[in-house]
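Below: one structure, written as structure tokens.
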Amino acid sequence: MQQSNLRIARIAAHINPPNLQMLEEDLGLERVNCRAKGASSGFKVAILGAAGGIGQPLAMLMKMNPLVSLLHLYDVVNAPGVTADISHMDTSAVVRGFLGQQQLEDALIGMDLVIIPAGVPRKPGMTRDDLFNINAGIVKTLCEAIAKCCPKAIVNIISNPVNSTVPIAAEVFKKVGVFDPKRVLGVTMLDVVRANTFVAEIMGLDPREVDVPVVGGHAGVTILPLLSQVKPSCSFTQKEIDYLTDRIQNGGTEVVEAKAGAGSATLSMAYAAVKFADACLRALRGDPAVVHCAYVASEVTELPFFASKVRLGRNGVEEIYPLGPLNEYERAGLEKAKKELAGSIQKGVSFVKK
Ligand SMILES: NC(=O)c1ccc[n+]([C@@H]2O[C@H](COP(=O)([O-])OP(=O)(O)OC[C@H]3O[C@@H](n4cnc5c(N)ncnc54)[C@H](O)[C@@H]3O)[C@@H](O)[C@H]2O)c1
């Protein structure tokens, strides 16, 4: 009987962790004696939207990250199932699941890093902006809870349209006086990952050795690859520049169309999100020279938000690098990007202020 109660409690723990603690105490079992606890001190990470197409592989990859000691998986559906599944992986991070709005605050208390892939993805024919009405509300609600429960956490926003959801998050935090521009980061890493891959394909290089800065934002023409600054230094023909710029800007649409209604990029996105989250954790640990592109509150241009290379540190974004020398093609691209970005930022700000 005791055994079966404990088993039930363990399953219920994925839904409501405090229940497990109470039952374990009743049965004379203390969490501290439990063998299956995190092996090392590490960071506490929450994924909001953990049962989704991105959320699941993201949760799996974060469970494999040795820098993570506690992994909270929150969703409005299927969080217990994903948590039970992931929790069987024999890596050191302890996994807890949280289901539904009433468990959101428990999911967030004490977190060092919160990753948000919650929301609806695109279908063929949709732009990222078409997702605005649904995802804006989701990101607003989640950020209100972050502002209350873990205002010092680093926040990685994946939910589209990132060009607007990051300004939404900033406005939510500003409203309650906890906005720290260093800690709110829009994840544009997938654009960089795609750019590195496509450039490597064309130049016959190992993609791991390629570094393409991608600046601006995360939608269509706002995605601006700076091909003149690729490392290792490459010289492209105009035809190659046109092809690469178009493919990098429309990489997301390429996946949306290939999936034909079944969603947008999930696996490459989870990979990119983990690459970025791992960089944030290494920076929190104090590693020097952690530099990646991200969409952040910025003074690099006249716009209040912009993606460019940033140096990450113990407080989040420690330094934002200028764009560097642009060629004429890139300067024209920048003007187009800024025009569209300005509207998306304003849309996000107005959504919270209205
Ligand atoms: N930044 C990028 O580069 C990038 C790339 C691809 C996709 N995306 C975006 O990521 C988001 C998720 O994509 P997906 O393919 O995983 O979608 P999905 O529909 O497969 O998963 C979304 C998950 O969010 C959950 N969810 C919905 N409302 C929620 C709420 N209020 N609180 C918590 N969870 C909630 C859903 O239950 C679902 O499990 C989309 O907005 C998509 O456009 C961003």
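Any Cβ shown, glycine's included, is placed from N, Cα and C.
Curation does not apply to TrEMBL; its annotations are automatic.
Note that the structure is a prediction, hence the values are computed from the model and not measured.
For the substrate site, TrEMBL lists Arg122, Arg128, Arg194; matching the candidates Asn135, Asn156, Asn160, Asn163 against that entry yields Asn160.
Ranked by CA distance from Asn135 (NAD(+) binding site), the recorded positions Arg122, Arg128, Asn160, Arg194, His218 have Asn160 at the top as the closest. Listed in sequence order, the binding-site residues among Ala51, Asn160, Arg194, Met269 whose CB lies under 6 angstroms from an atom of ligand 1 come out as Ala51, Asn160, Met269. Look at Arg194 (substrate binding site): DSSP puts it in a helix. When the binding-site residues Gly55, Arg128, Arg194 are screened for a Cα within 10 A of the Cα of His218 (active site, proton acceptor), the ones that qualify are Arg128. Within the same chain, the residues at least 6 positions away from Arg194 (substrate binding site) whose Cβ sits under 8 Å from its Cβ are Arg247, Ile248, Gly251, Ser268, listed in sequence order. In this structure, the CA atom of Asn160 (substrate binding site) is 13 Å away from the CA atom of Gly49 (NAD(+) binding site). Within the same chain, residues at least 6 positions away in sequence whose Cβ sits under 8 Å from that of Met269 (NAD(+) binding site) are Ile54, Leu58, Pro117, Ile158, Leu190.
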